[in-house]
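Participant: One structure, pasted below without further comment.
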Amino acid sequence: MKFFALFIYRPVATILLSVAITLCGILGFRMLPVAPLPQVDFPVIMVSASLPSASPETMASSVATPLERSLGRIAGVSEMTSSSSLGSTRIILQFDFDRDINGAARDVQAAINAAQSLLPSGMPSRPTYRKANPSDAPIMILTLTSDTYSQGELYDFASTQLAPTISQIDGVGDVDVGGSSLPAVRVGLNPQALFNQGVSLDDVRTAISNANVRKPQGALEDGTHRWQIQTNDELKTAAEYQPLIIHYNNGGAVRLGDVATVTDSVQDVRNAGMTNAKPAILLMIRKLPEANIIQTVDSIRARLPELQSTIPAAIDLQIAQDRSPTIRASLEEVEQTLIISVALVILVVFLFLRSGRATIIPAVAVPVSLIGTFAAMYLCGFSLNNLSLMALTIATGFVVDDAIVVLENIARHLEAGMKPLQAALQGTREVGFTVLSMSLSLVAVFLPLLLMGGLPGRLLREFAVTLSVAIGISLLVSLTLTPMMCGWMLKASKPREQKRLRGFGRVLVALQQGYGKSLKWVLNHTRLVGVVLLGTIALNIWLYISIPKTFFPEQDTGVLMGGIQADQSISFQAMRGKLQDFMKIIRDDPAVDNVTGFTGGSRVNSGMMFITLKPRDERSETAQQIIDRLRVKLAKEPGANLFLMAVQDIRVGGRQANASYQYTLLSDDLPALREWEPKIRKKLATLPELADVNSDQQDNGAEMNLVYDRDTMARLGIDVQAANSLLNNAFGQRQISTIYQPMNQYKVVMEVDPRYTQDISALEKMFVINNEGKAIPLSYFAKWQPANAPLSVNHQGLSAASTISFNLPTGKSLSDASAAIDRAMTQLGVPSTVRGSFAGTAQVFQETMNSQVILIIAAIATVYIVLGILYESYVHPLTILSTLPSAGVGALLALELFNAPFSLIALIGIMLLIGIVKKNAIMMVDFALEAQRHGNLTPQEAIFQACLLRFRPIMMTTLAALFGALPLVLSGGDGSELRQPLGITIVGGLVMSQLLTLYTTPVVYLFFDRLRLRFSRKPKQAVTE
């Protein structure tokens, strides 16, 4: 009593307290960062190593394996995967959430150093690492195009000037430059001319290497001067290499230009990048795992004018893709939804109380509670994201509930003729415990979420804390500001005011009377109600088992990502043509705004594409509908497949896959893995629950297998090293010398001119100079035949691995796909030597599925404990919790009706319903117990009176929560796919719960009261005050 009086009779202090809360909230709001979702990125580090021209199998055995054995000893590594392709190895380390990425980076560097002695000596550089996840979609893509500069020159500007500067910006984790390679002098040899002149490829390599030397020459001094010695020992352009003498034949000089075509070109000609059909260099920017995407993008944009000024005016630097506009648009939609929810719940109050003065009170209380929450969010290190703003949107219905309960009870006393200040004090005292019970039991729902680990726990933590803080501030406001405003603002109703909205008042009275009549009938047919209650429990179980499930709703971020997978024997020229064909098909789609893509490098039969869709208000289709439409057109392109997927804000794992979900096969028996992977992949491709099934196992690449006759080689005076050096010189784009420039270093690359390598007969033109100086054709001591070879070798941990990726067709859920895959594996009879498991997002979904039921049970148990403590009773909490089955049925039926799978967002809705629907029962039970204690009423009379007395606040609080969630259901635009499942779940649960709990709660109350009396040895008062 004294606590409430302290605030009611000191209005200035109470107002200033509320102002202080509001001001702190405004300051917090201004400093909160913006993000699409809470920070849930796993710490990921990528280790890269290269050995030019080495086969994938060589890279896997000699580079990947030693590194994996060393890196695998690092503490906190949750997953280690590697992929080795032609000349390169990439190892992805994913760490536990609580692992500091900077500390992990130091451990990675130490592990690389420890493995250095086990790596091949011919590696051009030590392995490097980067704190970025290569499987993440870029947060921004910049393109460089020019009508005057070559692709190599554009790449040089991008990698030498732009990429290092961008990498220094806070939040940037990796800048990947694609579309070409660094400038180089390329030497294209003519095998026949070399043979005619008696010059070996090693002779050419040695001559070029010796002619381009950068060594210190020293200085000369006399008594007064010092001269630095400088020579023309370096050759920098193709024109300078052309006249280089590489051999003398019969007294005549053989110059490089006589046996080769020397050009200013690029290090690797098998690279191509495009933007909207125009050749381009791409800078793909990825953020650090812990970085904020909006802040990082804004920082990059702020530096763009400076970056533009560092490159020639003839180079056009453009933003081809930017993730931030759709994120901002989504947050704007949520903010609008929040404002609409606040307006609707205030309208509910106005309709029920029919008083402008009374409506002002929640109109003040709700904003104070919500705005004050921003201060706590800032102190907790949270961000303004879709989930935290959805929490505030839902909180509008909760925070107004507290104000409604207090306000309605005070208004009831005023209508009975009590003076305002007395009514405020008496009304608040009567419902203070009720408000406290409702708030604490609602916060208790989220305690299990705060203890939940892994990605789901990280994802839901901000939602739970934000909502809990809003409820806590609302509790404070409803017991301080609300009664004070009631005491000083409200007056006894006058006849003129009571006539307002008479129609709605009559409807409410009629509803209350009809409810009273129906409740009497129900209380005389309690067995029937018991059957209904048991039926809802059984229906809950059946609906939960049968409803389709997924991890997270499929988002439409306005960005698509596509992986091209072509025939494994395809040439680079044909692959570049496929890229152009696919880009034309996509560019012609009316919903597409921009297309960029690249191919080449170590994976000759693959490429990547990034598609920016038009804004949501300029297209009628969702991203998935656009993918479905394009899939039909793309399937007509022979010899290659383009797998499209919508970029999501949540992507787990470091695998660069061509689809959203992965299923990984592991085996220590590599032949068994290569035998069973095609069988499993083909079986999965036939399943209707899966789409775009593909695999990273690339073991059918075309190979020319050379077999040396070692006896013949020994007789001819040729060793294996000389023969291998010949092949590397001829076909390996061998980097044989370095050109030093002020800003960068460039290479001299030697190989047989592509004009002479158009077919297998090129091997017949190769020869080796033996130890007697004679030219011995390769065909004299080697035979060759075509064979198959892997284009990539993949590991997970230390086991060989193949990952099958898949998307979901429209209308199918991840639970459908998971069950179908499990059935297929059983039907195939896969041996125990090949182990299959879900990976990435699909793995997290499996883990979440296993914990969902436990989480719900834990939430119910926590609420029971809190209510039991508050009521000092084992029984009354069960009465209150009996409201939950009907809410669960309503939520699951609503999801089925809207064809929405049960996701993590829907789980949040179920958790919220546990907190919402019990409020009705709390209000009934509180007043029934009060009537039994002080009114000397029987339990049936007490609960009947409590139901009628609390009918109006029950309707008000339920409609307030309903209208608070309704804008989420009806919202469209960016991010609506996240908001709608939450709204659908809450609205469905509230509607069904309201229809049933008004009748089931009184029946359960009476049932437990009779049960208590039957098993009690002596009568005991139900609740001690």
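Every residue gets a Cβ built from N, Cα and C, even glycine.
Below are the features I grabbed from Swiss-Prot:
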type	residues	note
TRANSMEM	3-23	transmembrane segment
TRANSMEM	333-353	transmembrane segment
TRANSMEM	360-380	transmembrane segment
TRANSMEM	387-407	transmembrane segment
TRANSMEM	431-451	transmembrane segment
TRANSMEM	463-483	transmembrane segment
TRANSMEM	528-548	transmembrane segment
TRANSMEM	853-873	transmembrane segment
TRANSMEM	875-895	transmembrane segment
TRANSMEM	897-917	transmembrane segment
TRANSMEM	953-973	transmembrane segment
TRANSMEM	984-1004	transmembrane segment
Participant: For the transmembrane segment (853-873), name the stretch out of 333-353, 387-407, 431-451, 897-917, 953-973 with the most CB-CB pairs under 8 Å.
Facilitator: 431-451
Participant: Could you check if the transmembrane segment (387-407) is in contact with the transmembrane segment (953-973), meaning 3+ Cβ pairs under 8 Å among residue pairs at least 6 apart in sequence?
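Facilitator: Result for the transmembrane segment (387-407) with the transmembrane segment (953-973) is yes.
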Participant: Should anything in the same chain at least six residues away from the transmembrane segment (953-973) have a Cβ under 8 Å from its Cβ atoms, list it; otherwise answer none.
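Facilitator: For the transmembrane segment (953-973), the sequence-distant neighbours (Cβ-Cβ under 8 Å, at least 6 residues beyond its ends) are 329-330, 333, 337, 340-341, 344-345, 347-349, 352, 390, 393-398, 400-401, 404-405, 408-409, 508, 511, 616-617, 916, 919-920, 923-924, 979-980, 982-984, 986-987, 990-991, 993-994, 998.
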Participant: Of the listed stretches 360-380, 897-917, 984-1004, which one has the most C-beta pairs under 8 A with the transmembrane segment (463-483)?
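Facilitator: Out of the listed stretches, 360-380 contacts the transmembrane segment (463-483) most.
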Participant: Which residues of the same chain, at least 6 past either end of the transmembrane segment (875-895), have a Cβ under 8 Å from a Cβ in it?
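Facilitator: Hits for the transmembrane segment (875-895): 441, 533, 536-537, 539-540, 543-544, 547, 860, 863-864, 867-868, 901-902, 906, 909-910, 913-914, 916-918, 920-922, 925, 929, 981, 984-993, 995-997, 1000-1001, 1004-1005, 1008-1009, 1011-1012, 1022-1023.
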Participant: Quick check for me: are there 3+ Cβ pairs below 8 Å between the transmembrane segment (528-548) and the transmembrane segment (360-380), leaving out pairs under 6 residues apart?
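Facilitator: With fewer than 3 qualifying Cβ pairs, these stretches do not touch.
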Participant: Considering only Cβ pairs under 8 Å, which range in 333-353, 360-380, 431-451, 897-917, 984-1004 makes the most contacts with the transmembrane segment (3-23)?
Facilitator: 360-380
Participant: Between the stretches 333-353, 431-451, 897-917, which one has more Cβ pairs under 8 Å with the transmembrane segment (360-380) than any other?
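Facilitator: Highest pair count goes to 333-353.
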Participant: Using a Cβ-Cβ cut-off of under 8 Å, list the residues of the same chain that are 6+ residues beyond the ends of the transmembrane segment (431-451) and lie near it.
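Facilitator: Same-chain residues near the transmembrane segment (431-451) but 6 or more away: 4, 398, 401-402, 405-406, 409, 457, 460-461, 463-465, 467-468, 471-472, 474-475, 478-479, 855, 858-859, 862-863, 865-867, 870-871, 880, 911-912, 914-916, 918-919, 922-923, 926.
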